[in-house]
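Annotation source TrEMBL lists compositional bias 'Gly residues' at 388-397. If you look up TrEMBL, you'll see 502-513 marked as compositional bias 'Low complexity'. Positions annotated as domain 'RRM' by TrEMBL: 6-84, 94-171, 183-242, 295-372. The annotation domain 'PABC' is assigned in TrEMBL to 499-563. The annotation region 'Disordered' is assigned in TrEMBL to 384-408, 493-513.
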Amino acid sequence: AVPQFASLYVGDLHPDVTEAMLYEIFNSVGPVASIRVCRDSVSRKSLGYGYVNFHNVSDAERALDTLNYSSIKGRSCRIMWSQRDPSLRKSGAGNIYVKNLDKNIDNKALYDTFSLFGNILSCKVATDPTGNSYGYGFVHYETEEAAKQAIEKVDGMMIGEKTVQVCHFQKRDDKGDDKENFTNVYVKNFPDDWDEDKIHSTFSEYGPISSHALRKDNKGRPFAFVAFESSEAAKAAVEAIHMKPNGMDDGGEERLGPDGHPENKIYCSRAQTKSERQAELRSKFAAMDASKGGVNLYVKNLDDSIDEPTLKELFEQFGTITSSAVPLDSNGKCKGFGFVCFASPDEATKAVTEMHLKVIKGKPLYVGLAEKREARQERLRQRYSMPSGGGKGMMGGKGDKGGKGGNNPNMRGMMGMMPQQAMMGMMRPPMMGMMPQMMGKAPMPKAPMMGMMGKGGQMMPGKGGMPTMPMPMGMNPAMMMRPMGPGAMMPRPGGPPGGGQLSPAALANAPPSVQKQMIGEKLFPMISKIHPDQAGKITGMMLEMDNSELLILLDSEQQLKNK
């Protein structure tokens, strides 16, 4: 069955492959409508995949048939139909798992073997970053019948030099493992001379093993997974091997690794999900931070040449630094952010005052108090959540008169409380598609109108003492749709398009799909003053940048011109 759209997914791309390269290759098959290589939101480095959209389905089909597994910059690309229905991807229907693959079997060989049984939606051999096979792969068929036939025909067959095992793919949630009855074991910190055979012989002493795998992380450190056939065998292995000396010379000291486990002892425990492991580490590190004390600062928008000593040197003039960190990517470059922990609150306050928005290596820094993500989200939710409506909630309760409403902090919810009919009348056509999402951010009250802006920005009472508020001339419609926080100024009537500030809090409170639109509404008129002929193109290019960096540019016309 051919999809009714002409969009292709292109994976396994070399990091240096660009949209221009893909256009040159795919446009030779038929007219291309658009191309996008997906990139990291901070570093802007390629994620190794992209999408190619054709005008015609027939051209997309031809590209899939002729270009799949062709070489682009020395790497065999993997092409499949872009699957827009996530339920099909996540259901697991028609998905099979192939293990004990010969290391010489690549994506194309796997595809050629299994395409005999039906239409394949996706097919992949699991590999390390250098392209070496891990010895297993996945094939996702369009139908469950094709998957069953493939299992019946291929399971136990010789492919290359090995007899493969083929079975239905099981999602992690369906495997039935829990904290008490687990069968999968994770092992690390084992002796350097342990290979796959040694792992198998060591762990098979505790019971039959259904599969095992030896891997290396991005720093070259080995680890392994061992799947037992019974929970009892897995528990026995963990009890016997965990914390067993690995022969590493510790010089009489017990050194702890980054996760708090002794480096000279084998780690052997139940295999955890990624979310479980992250939650456990967060809890452990939070306890460590609490014991250290001090004030931790978060520093963002760092140049990629900044390392930990450089960051520490920038901030040590403000006081005693108890710790600092700069996360690096796989190429040893700064990821764009870091942390500095000061011994006292006074020192940290001075550092924030002096260093926030200071330009270092051509980039203005963001410096603020480091918060746990959950705490930050909860704080923003409580601070900028909109009132549910009603006179008391809007105007602040007894004693508040309509004429004084302009200074009431509760007025920040007013903009989200206008009746839907009035909102619809104010919307420009490009904003109409966002109505369902944006209107969902604030409940609609039964009161007809909420406030009117008089001369000088004063609130004017309407019927029954309640203010009324028409759309001021030149006001940006995107501003009408956002909650008004302390940092988000009310645009003045007759002010320039896009005038007023866009606060980080108001932006954070909006859905991710709306945030770029909000910034674009502010950015376009500013760029129009500098390059009126190319404002649209430049705005589109700049919106690829990180939101925090864009907010800094919105606050400084000079920095915007330089950019």
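Using the three backbone atoms N, Cα and C, a Cβ is placed for every residue, glycine included.
Worth saying up front: this structure is predicted, and the values here are computed from it rather than measured.
Comparison of 6-84, 94-171, 183-242 by number of C-beta pairs under 8 angstroms to the domain 'PABC' (499-563) places 6-84 first.
Remark: secondary structure over the domain 'RRM' (94-171) totals 22 helix, 30 strand, 26 coil, with classes taken from DSSP. Shown for the domain 'RRM' (183-242): DSSP residue counts in helix, strand and coil, namely 22 helix, 20 strand, 18 coil.
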